[in-house]
Amino acid sequence: MHRFIKVPVLMCADGFRAFLHTHCPVVLERFCPTPWCWGGRVQTLVRVFIKSCPAVTYRNEIIRTGDGGQLSLDWADNLDSAKYPQSSSRPTVLILPGLTGNSRQTYVLHMVQQAVRHGYRCVVMNNRGFGGEELLTPLTFCAANTQDVETAVNHVKELYPQAPLLGAGVSLGGMLLLNYLSRKGRDSKMISGLTLSVSWNSFESSKSLEQPINKLLFNRHLTSNLRHTINRHRKILEKVIDIDHVLKARTIREFDERFTSVMFGYKSCIDYYQDASPCNKLPQIAVPVLCLNAADDPFSPKHAFPVTLAPRSPNVALLVTSHGGHIGFLEGLFPHGEGYMDRVFSQFVRAAFEHQEDLKEACSSDK
């Protein structure tokens, strides 16, 4: 059992490392995975069924997008915040869920609970078509298109221009966040970012998910969810897409080839995956970002992690546990409540908000 209990590997420049050691002691802790959850696949599967579901009350807001569509935002305003009673300056966390996720996912609820506990405000951007809202235009979302993220960020900053904003993305949401930050540079309007179980290379993720066991356990299920959502919005989407052809897709790659790449104007799935992969975009990121991954993540294979580029990018820290799976990170005999991923989120978000200038200076010293 001792061979499974290891201190995560932290890959980053010295300034960022010193800040994390001081303000986020979780990066120095040994991660002790749940002993009966052997391997990344089991961690990934068990998390869905065993994690608690915190009680969170949202205020829903629908905003319009530049193309005439709409985005569903779920707010946890935290009006009772004792630490930040002034709404205008209350720190805000923008959460971007995974591929088929929304604000009701247990991992999102735990993040919201943690942030609210610290006195912060949260807003979850539901991916188009997955927040319960209707599609007004024949356009959905993908990991490479950051227009909806920019729309949400601009809206939040228009409402609360004095409130610091931090982005937190999970899985595909992490890809969106990294792509957004790399494209916007110093104009991101965020003070910092955090990604959890991000897929660094879409080609390698696709290969991993097409391995027989992963295909059976994960790929088919996710593809089925995507097909179901597309079919629900069939009436408007069939104006631009051959829906019957899409509904025959049995893997995420087939779905991306028949739907996503066509929807967003790519010549092929290869071009889309190249554009969506954040692994080579780290030098363009201008705000501090902590990225948590597990080496046994079936969705994001470790050989695709940017282990060489991260330490050379002053604003990026890559934290890798030896176990944890995809959005798993279960620990203890009864991993029902908060786990390692929740502690990383809690400590880093708090450190970024409470020691904003120290973090900025730490990363600037590495340039």
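Glycine residues also receive a Cβ, built from the backbone N, Cα and C atoms like all the rest.
Sequence-distant neighbours of Ser171 (active site, charge relay system): residues of the same chain at least 6 apart with a C-beta under 8 Å from its C-beta are Pro97, Gly98, Leu99, Gly101, Leu196, Ser197, Val198, Ser199, Phe299, His326, Ile327. DSSP gives Ser171 (active site, charge relay system) a coil state; it is part of no helix or strand. Residues annotated as active site, charge relay system in TrEMBL: Ser171 (among others).
Annotation comment: TrEMBL describes Asp297 (among others) as active site, charge relay system. Secondary structure from DSSP puts Asp297 (active site, charge relay system) in coil. For Asp297 (active site, charge relay system), the same-chain residues that are 6 or more apart in sequence and have a Cβ closer than 8 Å to its Cβ are Gly40, Thr44, Ser197, Gly324, Gly325, His326.
Residues annotated as active site, charge relay system in TrEMBL: His326 (among others).
The domain 'AB hydrolase-1' feature in TrEMBL is assigned to 91-332.
Regional average pLDDT for the domain 'AB hydrolase-1' (91-332) in the model is 97. When secondary structure is read from DSSP and collapsed to three states, His326 (active site, charge relay system) falls in the coil class.
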